[in-house]
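Among the features that Swiss-Prot reports, active site, proton acceptor is placed at 93, with the record citing sequence analysis. According to Swiss-Prot, the active site, S-methylcysteine intermediate annotation covers 344. The [4Fe-4S] cluster binding site feature in Swiss-Prot is assigned to 113, 117, 120. Swiss-Prot lists 170, 171, 202, 224, 225, 226, 301 with the feature S-adenosyl-L-methionine binding site. For 106-344, the entry in Swiss-Prot reads disulfide bond. The feature domain 'Radical SAM core' is assigned by Swiss-Prot to 99-339.
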């Protein structure tokens, strides 16, 4: 049995405490952290400014281990996707998205997902387990140095990865105790040194944990909205049955008191004939009237057995125009990496279905998609 401590699991405070257990002073923790997260060291003998006695001690008690890559694919548009082995037959995906002015890494927080959004292929895989802090920050550690080896650093010695979005597989706020320490490392000047504005957590709306995050580590927030009323969202995002839209909007307003940005980003997957009507856009205007926000419209990426279709471009433009005419900043996400199944909603792990009905049951049973004509029915009038 491996009893070595994985130092990727430790944020600054935990690493300082660990060094204390070894009889070392706090500055050793900062040295270790820089070697690991800024220089990509994976072996202690490379850490030449540490005392030889400490290096020998660490070699017998600790390790630096990120998930191993099963596959590594690069899209025609430069998007790069890694499939990572997290043990017991589970795999997660990490995606690097290059842009002219930044490089964004999409990080997974769970193996599978229990929320089971209707339009997301990851949810169809089911839920296996939460990732550890080391498995989460290990994705950034692995990707940063893989991309640096490929591209080098920028002309001003800037990092290849300038932004991180917790938008990969899983619901981050259902793995709070591992996600927050990982994000602390993303922000730490002795690690990755990202600003809170450059780290975005995307949630389907776990209201109590949104409130907790606002106090503990208020990074930029994106909310997977995808519907303009409770009847429709109950079906598209089953978590809505536990935390309906009124509660979610109130949580968004509370979060903005602490957020590094003065708006919430609402993500909205455009589904043909389901949630893409002009009437839905107008309903959204009423819903978010007192929530400073921007909208990111996401063309649906089809996958087998979804039973859904992508809205056509003209319908997406009409929908966006309603929002923009009301003064809401609205973007239409450019589909990236779809030729390697790295586009939004396609992160399914390329592994066998690991459906966990008990986990999904926490958010209510899955019902057939509500027809558009019925989507605005009062909650008490809808089918159970």
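Glycine too: its Cβ is placed from the backbone N, Cα and C atoms.
Where Swiss-Prot records a feature, it is marked here on the structure.
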residue	record	DSSP (3 states)
93	active site, proton acceptor	strand
106	disulfide bond	strand
113	[4Fe-4S] cluster binding site	coil
170	S-adenosyl-L-methionine binding site	coil
224	S-adenosyl-L-methionine binding site	strand
301	S-adenosyl-L-methionine binding site	coil
* Check the binding-site residues 202, 224, 301 for other C-beta atoms within 10 angstroms of each C-beta and report the one with the most. => 224
* To do: Rank the recorded positions 106, 113 by the number of other Cβ atoms within 10 Å of each Cβ, and give the residue at the low end.
  => 106
* Asked: So, in DSSP terms, is residue 120 ([4Fe-4S] cluster binding site) helix, strand, or coil?
  -> coil
* To do: Do me a favour and check the Cα-Cα span between residue 170 (S-adenosyl-L-methionine binding site) and residue 113 ([4Fe-4S] cluster binding site); whole Å is fine.
  => 4
* Structure fact -> A correct count of other C-beta atoms within 10 Å of the C-beta of residue 225 (S-adenosyl-L-methionine binding site) gives 29
* Structure fact -> Around the Cβ of the residue listed as 'active site, proton acceptor', other Cβ atoms found within 10 Å total 25
* Structure fact -> residue 202 (S-adenosyl-L-methionine binding site) falls, by three-state DSSP, under strand
* What is the maximum Cα to Cα distance, in Å and rounded to a whole number, among the residues 170, 171, 202, 224, 225, 226, 301 annotated as binding S-adenosyl-L-methionine? -> 19
* **residue 106 (disulfide bond) as reference: those recorded positions from 93, 117, 224, 301 with C-alpha within 10 Å of it** => 93
* **Residues satisfying Cβ distance under 8 Å from residue 117 ([4Fe-4S] cluster binding site), sequence separation of at least 6** => 123, 204, 224, 226, 236, 237, 238
* To do: Whole-number Å only: compute the distance from the Cα of residue 301 (S-adenosyl-L-methionine binding site) to the Cα of residue 93 (active site, proton acceptor).
  => 16
* Asked: How long is the line from the C-alpha of residue 113 ([4Fe-4S] cluster binding site) to the C-alpha of residue 171 (S-adenosyl-L-methionine binding site), rounded to the nearest angstrom?
  -> 6
* Mean pLDDT for the domain 'Radical SAM core' (99-339), as a whole number? -> 95
* When you measure from the Cβ of residue 120 ([4Fe-4S] cluster binding site), how many other Cβ atoms are you left with inside 10 Å? -> 27
